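K.L.:
I am attaching a structure below and will ask some questions about it afterwards.
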Amino acid sequence: MKLSWLEAAALTAASVVSADELAFSPPFYPSPWANGQGEWAEAYQRAVAIVSQMTLDEKVNLTTGTGWELEKCVGQTGGVPRLNIGGMCLQDSPLGIRDSDYNSAFPAGVNVAATWDKNLAYLRGQAMGQEFSDKGIDVQLGPAAGPLGRSPDGGRNWEGFSPDPALTGVLFAETIKGIQDAGVVATAKHYILNEQEHFRQVAEAAGYGFNISDTISSNVDDKTIHEMYLWPFADAVRAGVGAIMCSYNQINNSYGCQNSYTLNKLLKAELGFQGFVMSDWGAHHSGVGSALAGLDMSMPGDITFDSATSFWGTNLTIAVLNGTVPQWRVDDMAVRIMAAYYKVGRDRLYQPPNFSSWTRDEYGFKYFYPQEGPYEKVNHFVNVQRNHSEVIRKLGADSTVLLKNNNALPLTGKERKVAILGEDAGSNSYGANGCSDRGCDNGTLAMAWGSGTAEFPYLVTPEQAIQAEVLKHKGSVYAITDNWALSQVETLAKQASVSLVFVNSDAGEGYISVDGNEGDRNNLTLWKNGDNLIKAAANNCNNTIVVIHSVGPVLVDEWYDHPNVTAILWAGLPGQESGNSLADVLYGRVNPGAKSPFTWGKTREAYGDYLVRELNNGNGAPQDDFSEGVFIDYRGFDKRNETPIYEFGHGLSYTTFNYSGLHIQVLNASSNAQVATETGAAPTFGQVGNASDYVYPEGLTRISKFIYPWLNSTDLKASSGDPYYGVDTAEHVPEGATDGSPQPVLPAGGGSGGNPRLYDELIRVSVTVKNTGRVAGDAVPQLYVSLGGPNEPKVVLRKFDRLTLKPSEETVWTTTLTRRDLSNWDVAAQDWVITSYPKKVHVGSSSRQLPLHAALPKVQ
């Protein structure tokens, strides 16, 4: 027997849900239309005013990419020249501009998470936004909160932040604010449950020898999707994000870019998202179906790259003309796109792209792939870096986690002989950008691989920075960057005052395989003989310091407690200032204050939550059952009584801190926001007209492979090229999908990020934090809540901050808990509720160092 979504979800309170019980994604129609609520009001009105002047083909032009490698950006829509609206330029990545030049390479999202610093997250976002804007880019394809990081070996975890939804949500939102305050539309991606690279695309899987009919399905219950994977996207919507990218995977066997439950219900009806949903590149699988399910923009426009075919473009024009897609739906798409454009002030900053993603040549054809159009200047070589190296260097240092320190750090600079050991300390012999999309692990790891990358303007290696430091102090420094030269390593380590050993572990996007790792990591071990390299040094030098550059946790059990391993640092993926950032920490110019954004287990088995690496459904879509529910990372370790080597939130400092004086105060806060019980009717703007209004303009020189909105003739069937044109829509259009009448507002909806009551501040918590050491440093107070239910995690992170304190200085850190912070998702009520179970608050320096705790008073 297959259960309904709600029945299956309800079972998770007491049991594990089977694959069959999660095999269905319930329909939700019609697609909610934007209404300009909250901070969107002005942008919405401007969007309505301009869209009201557009013809149908002009609206369609905004919704459909012009094709892969046709124009300068990785994605570009058509424009509306008649109204002085250029095509939108969309460009990767979450850590800087991909396929460009004279831009910065920022630290990855996982490093931002390690800072636990809201202000730094904002400043990084703002700096990236400035660079994108200066290059003529309208939409940055980032940041990412999907993957969240369900499995530690997931290939693209590093593009996001942390497997904790609260930590991710806060830093996700701050990044978005920074990008959009710089005048660029941010894209929250990949929505949703995009937690592994294996089987994410049919053609990609075929390249690795797997014959599947459809992409992997992430099968999840209603409670888990709300409390874990949707949580950071709610923060993004509340922050005003302009765009959301839907993902390649299926959710409960319905594709992410045509899943009416996740797009229409969760995103637009519950969270009140007012911006536009774009497809990931190649994630668009239908025309009418995706339009009615809530997709607003097709990227890059063609069905497969350079196929000259599109589910939208001409076919979307036809679908509106023949009534299959109602006018209000395409109007809503256009309004959402233009509202996002106006909200960030892009109209004031707009300029055409001044670079080409496809060539570094100064001159070339305007339309790259077909080599057609005017021959013109395509690269203007605009330097957009400003002074961003400063925030990059600071973020790199402030994200370096001191995992272990037996009084070995900081270095004094007086060390007579310094050994630098490991390939990860040095340069890529091919050059910093020598591997396309960073698809190799040569030299120091400062950025992982895939589309989520940027070109380095330069890369300061650890070897370069440390050598400069040692020579400044008249010492001696030697480097061995061959991880297999163990005999030479042993000899040098015996002579050294300190041995700095550099190791790494890489991962990335599934279209690139590095050393047999097809995007996802094959394991959590160090790459390139790293464990043996460390042991060779530690067995011969009593002051061995290990530096790890990695995309996530690695297994350190073989050597972390070696008596000669005196310190361990995790530096993540620190970007272009890698060596300088590290030297700042090693030599004490920066006191490390970072905290691990994930758990370091003793074994891979300790994490559970294995990736699906082999077919498990014949040649059908592989099935990935999220049967662990909300118990990932530290939540799972706590549930299974697994003792980690380093817990979530752990990180040492060159000073010490004390936490005391926990105080709790109930607040009489209540939202004054009036939430309507029903929406208005779906608005329409302008007239549709007739087929004769939308045939190709006379005299137009068509560009090969370019995706246009026009018709070849007034014969809609002939223009569509669809052999199934004319089938009975009653059999294929879901019930209610075209209904533009007023709709009920969901109990969990009614505002940006959900019902405004969720954000009522119910309890104030204050704690005294004191620097008890002899140097200034950063404390990161962490507040966790026990929600009390018998099947809830032991604790869940809810609040945090990063505080700089001088020696002996103390401060009172105050934060508030909202209704959302204290609630669980009720699958029967389809709403957030504060349960009657007793709740506690815990405060300390990590998920397992929580000296302060108290019962919370009951609130509603």
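Every residue gets a Cβ built from N, Cα and C, even glycine.
Among the features that Swiss-Prot reports, active site is placed at D280, with the record citing similarity to another entry. According to Swiss-Prot, the feature N-linked glycosylation site maps to N61, N252, N315, N322, N354, N387, N442, N523, N542, N564, N690, N712 (among others). Marked as signal peptide by Swiss-Prot on the basis of sequence analysis: 1-19.
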K.L.:
Tell me the Cα distance separating N387 (N-linked glycosylation site) from N712 (N-linked glycosylation site), rounded to the nearest angstrom.
P.N.:
51
K.L.:
Enter the number of other CB atoms within 10 angstroms of the CB of N322 (N-linked glycosylation site).
P.N.:
15
K.L.:
Could you state the whole-number distance in Å separating the C-alpha atoms of N354 (N-linked glycosylation site) and N387 (N-linked glycosylation site)?
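P.N.:
Taking the Cα atoms only, N354 (N-linked glycosylation site) lies 20 Å from N387 (N-linked glycosylation site).
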K.L.:
Cα within 10 Å of N564 (N-linked glycosylation site) is the criterion; apply it to the recorded positions N61, D280, N387, N442, N523, N542 and give the hits in sequence order.
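P.N.:
Checking each Cα against N564 (N-linked glycosylation site), the hits are N542.
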K.L.:
Counting all other Cβ atoms within 10 Å across every protein chain shown, which of the glycosylation sites N523, N542 scores highest?
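P.N.:
The residue with the most neighbouring Cβ atoms within 10 Å is N542.
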K.L.:
So of all those recorded positions, D280, N442, N542, N690, which one's Cα sits nearest to N523 (N-linked glycosylation site)?
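P.N.:
Checking each of D280, N442, N542, N690 against N523 (N-linked glycosylation site), the shortest Cα distance is to N442.
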K.L.:
So of all those glycosylation sites, N61, N322, N442, N542, which one's Cα sits nearest to the residue listed as 'active site'?
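P.N.:
Comparing Cα positions, the candidate nearest the residue listed as 'active site' turns out to be N61.
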K.L.:
Which one of the glycosylation sites (N252, N387) has its C-beta surrounded by the most other C-beta atoms within 10 angstroms?
P.N.:
N252
K.L.:
Which three-state DSSP class does N61 (N-linked glycosylation site) fall into?
P.N.:
helix
K.L.:
Is it possible to get the count of other C-beta atoms within 10 angstroms of the C-beta of N315 (N-linked glycosylation site)?
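P.N.:
Step by step: centre on the Cβ of N315 (N-linked glycosylation site), count other Cβ atoms within 10 Å, giving 25.
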K.L.:
What residues, ordered by sequence, lie under 8 A Cβ-to-Cβ from N690 (N-linked glycosylation site) and sit at least six positions away in the same chain?
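P.N.:
The list for N690 (N-linked glycosylation site) reads L321, T714, given in order along the sequence.
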K.L.:
Reported as an integer number of Å, what is the Cα distance between N252 (N-linked glycosylation site) and N315 (N-linked glycosylation site)?
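P.N.:
One finds 28 Å between the Cα atoms of these residues.
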K.L.:
Between the glycosylation sites N322, N387, N442, N542, which lies closest to N61 (N-linked glycosylation site), Cα to Cα?
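P.N.:
Answer for the nearest of the glycosylation sites: N322.
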K.L.:
Sort the glycosylation sites N315, N322, N542 by C-alpha distance from N387 (N-linked glycosylation site) and give me just the closest.
P.N.:
N542
K.L.:
When neighbour density is defined as the number of other C-beta atoms within 10 angstroms of a residue's C-beta, which of the glycosylation sites N61, N354, N564, N712 has the lowest density?
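P.N.:
Minimum Cβ neighbour count within 10 Å, taken over the glycosylation sites N61, N354, N564, N712, occurs at N712.
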K.L.:
Please report the three-state DSSP label of N252 (N-linked glycosylation site).
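P.N.:
Once the DSSP labels are grouped into three classes, N252 (N-linked glycosylation site) ends up as coil.
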K.L.:
List the same-chain residues at least 6 positions away in sequence whose Cβ sits under 8 Å from the Cβ of N442 (N-linked glycosylation site), in sequence order, or say none.
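P.N.:
The answer is E423, N428, S429, Y430, G434, C435.
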